[in-house]
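Feature annotations, courtesy of TrEMBL:
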type: DOMAIN; residues: 6-120; note: domain 'Response regulatory'
type: DOMAIN; residues: 147-212; note: domain 'HTH luxR-type'
type: MOD_RES; residues: D55; note: 4-aspartylphosphate
Amino acid sequence: MTSYQSVLVIDDHNMVVNGIKLLIGDWFQAFHHANDGATGIQVALRQSPQLVIVDYMLPDMSGEAVAREIRYHCPGARILGYSFNINAASILKMFGAGINGYVIKSENDEEFTKAVTYLLQGKDYFCKEARNHIINRISPEEDHTRLMVANTEFSAKEIEIIRLICKQKTAREIAQAVFLSERTVEQYRSNISRRIGARNMAGVIKFALQYGVIDLEDL
């Protein structure tokens with residue numbers, strides 16, 4: 001197995017830190033941890049860890065503030081939010097701070113190690129609940145926002161077009177909704193289908209449902 005440089009876990013619960021060490025400690029040449037945000041930032045500055053795993057709720061500051069500081073000082077670090085917090089506002093703050101992934105602590109070990117693997121491969125990974133919060137927050141007007149869904153990067157406008165396709169809107173209706181020409185919408189539809197491997201509308205709907213882009217009750 002590939003050995004990675006170092007990981008830093010910032011969490012004030014030693015049981016969580018020890019559990020993470022048991023799961024992935026031997027993946028890394030060095031395992032660092034801190035029980036509060038300020039110490040975590042100091043360790044990150046000294047060690048330049050390849051991966052940072054940070055809780056949202058810390059004794060001295062929020063995980064968002066920690067992630068923002070580490071992202072600024074260690075731009076190459078991969079940052080995973082790992083918390084019991086499923087509040088949409090908190091997750092969106094972490095997303096805005098520049099994290100590369102978010103997993104809820106109630107998820108199983110497989111979900112956690114999958115997220116870590118993705119981040120170490122340079123990919124982003126957000127568990128379904130976190131991904132839904134992020135998707136529901138973005139709009140076609142925020143086309144600079146990018147989101148990884150099923151290992152594929154989509155713009156906010158592409159996400160909105162996928163939703164409208166799933167609702168069986170015509171090219172004209174989609175064009176009116178997202179302020180594009182019908183021809184441009186057709187190009188979007190073709191590119192989206194090609195990228196996700198969908199041969200028809202059913203394939204797009206299956207993808208969207210599977211990865212939380214749209215809920216069944218919205219169809």
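Every residue number used here counts from 1 along the chain in the order it is shown.
The backbone N, Cα and C atoms fix where each Cβ goes, and this holds for glycine too.
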Secondary structure content of the domain 'HTH luxR-type' (147-212), with strand meaning DSSP E or B: 44 helix, 7 strand, 15 coil
Neighbour count (Cβ, 10 Å) for the residue listed as '4-aspartylphosphate': 23
Secondary structure content of the domain 'Response regulatory' (6-120), with strand meaning DSSP E or B: 58 helix, 28 strand, 29 coil
